[in-house]
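What TrEMBL records for this protein:
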DOMAIN    39-285  domain 'G-protein coupled receptors family 1 profile'
TRANSMEM  24-45  transmembrane segment
TRANSMEM  57-76  transmembrane segment
TRANSMEM  96-118  transmembrane segment
TRANSMEM  138-160  transmembrane segment
TRANSMEM  201-223  transmembrane segment
TRANSMEM  235-256  transmembrane segment
TRANSMEM  268-287  transmembrane segment
Amino acid sequence: MRLNNNVTEFILLGLTQDPVRKKIVFVTFLLFYLGTLLGNFLIITTIKTSRALGSPMYFFLFHLSLSDTCFCSSVAPRMIVDAFLKKSTISFSECMIQVFSFHFFGCLEIFILILMAADRYVAICKPLHYTTIMSRRVCAVLVAMAWVGSCVHSLAQIFLALSLPFCGPNVIDHYFCDLQPLLRLACTDTYVINLLLVSNSGAICTLSFVMLMCSYVNILYSLRNHSAEGRRKALSTCVSHIIVVILFFGPCIFIYTRPATTFPMDKMIAVFYTLGTPLINPLIYTLRNAEVKNAMRKLWKKKLILGDKR
């Protein structure tokens, strides 16, 4: 549903137009992206091959790493390539695809984080019923619902984007396509669409953050009845999750819960949650998780042994 659109492509201004700074952007974010791919690939491979990591927590971590990889890949490769170009353009169709994939995998990450919090809540607060409540079948159904819910959210974003008429300016002051910068280019009153955007993306971010923080408050409160060793292990896991939640949701809430206005720091904040968080997540979940580190060591030793036999 495209209304009177004369625009067939958009010009992306990126993070900077200065040639020297563009080279710095290229090197920096190429390293960020490669680090993200390597870290998340290691987690995905380790969980998939290790029998010791068969619990629901690692099943959800597998999908979190997968969503992180896809989420970052929806933005980073083009951003890195564009840093080489004097003038970066993106077709209308490619722009819509980027809007869909960005919101799909971003929303999927939100839902997976909620499932991970629910898993920890059941494990710590209802340990006797854990295997029954968080069975393999239940976890698979929950993840499938997360994928479907993410698709519904992204389709709603695409519907809003396609309802915008573009008949004049086509310069996006950003490094990727998103609804906020697109709203500024629409040649119509965007008040209603902006309300729908806030009620969609903004509500998902804010309500999910509140739910997650409430669940972790309940978990931390319930730890008073556990042994010292149990508290230490549970705290280590929960602190990792809380760090991820704050790093991801803080910038998202700032961007998606306000009117369609732009601030100078918006692009740098977007860099943080599109490229920074997917890079930090593998570090947090490996450096603070002894089971994952041990499984990675075993996988590495196994690879070395197989390599020596050849």
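Glycine residues also receive a Cβ, built from the backbone N, Cα and C atoms like all the rest.
When the stretches 24-45, 96-118, 201-223, 235-256, 268-287 are ranked by Cβ pairs under 8 Å to the transmembrane segment (57-76), first place goes to 96-118.
Stretch with the most C-beta contacts under 8 angstroms to the transmembrane segment (24-45), considering only 96-118, 138-160, 201-223, 235-256, 268-287: 268-287. Sequence-remote contacts of a segment are chain residues at least 6 beyond its ends whose Cβ falls under 8 Å from one of its Cβ atoms, and for the transmembrane segment (138-160) they are 1, 56, 59-60, 63, 96, 99-101, 103-105, 107-108, 111-112, 115, 119, 179, 193, 196-197, 200-201, 204. Mean pLDDT of the predicted structure over the domain 'G-protein coupled receptors family 1 profile' (39-285): 86.
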